[in-house]
């Protein structure tokens, strides 16, 4: 394994860690950074490169699980744990905590069902540069609409005030985000905001709901494709995983700290700029044709 290839693995892990849970579409960034630039399939082989992306995604998912470890233990009624960062002290004293396992399950159902039904179709027909650009752009517009609406909401709800109906609707939007480029977090956070949650609450629920789904999906994919991992490539996988996990920890904590302040529009603008950049490379220079 050449040093340059290990560096490429670290770069891809960093990109995955930065983008998996941000509302900017990790798929769009992987197409730009890997398929159009680093081309891991050329030195790993297409199947092994696909497996590598599963591994680094697991790195990001483990990072989110670690950030929300106390909340997950609390939902599962294991021990005594602190509140989710950002909840209001007076609200915690005046009413019992409402977020529970049923909220998470209700939110997971739509994406789980549609994932089982359409995963193969989506993987075969929708993972192209033009379809990802459409997802990036439409998702950006949806985020802008959500932010404009949220400005009119006087008392947005915290994550512990979420209802089962709100959880279900947010879950439906997670299913819609199966369209590559749309962004799971962009879709669900926007929907949560439209359902009168504050941005931090919508983000908290998005990540809490996404972790078990992504662990299951990535875990099953890895079980299907683990035989594609070559012994010589293991350092590549380890470095990519560690990069995704480490950067993911920093990115998720930073995002949750800032989201109530900066809202979604800056991410939407970034997505539109990204679409323009990818379009120039794809249509103007033919980079990425055949993906």
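Cβ coordinates come from backbone N, Cα and C, glycine included.
Given the ranges 27-47, 48-68, the record in Swiss-Prot names 48-68 as transmembrane segment. Which of 78-98, 267-287 counts as transmembrane segment depends on Swiss-Prot, and there it is 267-287. If you look at the transmembrane segment (102-122), the same-chain residues 6 or more away from its ends with a CB under 8 A from one of its CBs are 75, 162, 164, 167-168, 170-172, 174-175, 178-180, 205, 208-209, 212-213, 217. Looking at 48-68, 231-251, 267-287, the range that has the most CB pairs within less than 8 A of the transmembrane segment (126-146) turns out to be 267-287. Beyond the transmembrane segment (162-182), the same-chain residues lying 6 or more positions past its ends with a Cβ under 8 Å from any Cβ of the stretch are 25, 27-28, 98-99, 102-104, 106-111, 113-115, 118-119, 122, 126-127, 131-136, 138-139, 188, 190-192, 195, 197, 201-202, 205-206, 209-210, 213.
Looking at 1-21, 48-68, 231-251, 267-287, the range that has the most CB pairs within less than 8 A of the transmembrane segment (203-223) turns out to be 48-68. The transmembrane segment (1-21) shares the most Cβ pairs under 8 Å with 231-251, out of the stretches 48-68, 231-251, 267-287.
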